[in-house]
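First the structure, in the form of structure tokens, and then the observations on it.
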């Protein structure tokens, strides 16, 4: 535990690893050296961070199985992310949470569908009542001559001299 908090120890181990790798792989044409060094540094960091964390978690936690499972899943997910995979490992607890969320969303949507169906039924009933009221009334013949637009229209007998004043007359034009 003391070595985990000792920054100088951690930095000296990383420097030692880099120096060792440089001496092993002295070939300047080695293209994979940065990748190998990165992987080794990540593995070293995971080792140094996870073991003391798990020891503390196991001592302080009541349920050590869940802590171990969570730590292992987190480590594998980190390795998968570093490898470039988008998929992640999930535990049963996470799956149950997601299923609960999906079931909750489905219930909400079913309630909304039920409300919409009820509204549609009410609208159909309202339209039926309106249609029934319109069909019950009998429409008699309406005298279209007495409508607003037809009041000032005169018939041929009512015009003076019996001539239509709006009829076009012959017009001669001068050239």
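Placement of Cβ uses the backbone N, Cα and C atoms for every residue, glycine included.
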Problem set entry | Where Swiss-Prot places transmembrane segment among the ranges 29-51, 52-74 | 29-51
Seminar exercise, completed: Here the Cα-Cα span from residue 18 (N-linked glycosylation site) to residue 123 (Ca(2+) binding site), rounded to a whole number of angstrom, reaches 77
Seminar exercise, completed: Per DSSP (helix/strand/coil reduction), residue 123 (Ca(2+) binding site) sits in helix
Exercise. What same-chain residues, at least 6 away in sequence, bring their CB to under 8 Å of the CB of residue 123 (Ca(2+) binding site)?
Worked result: none
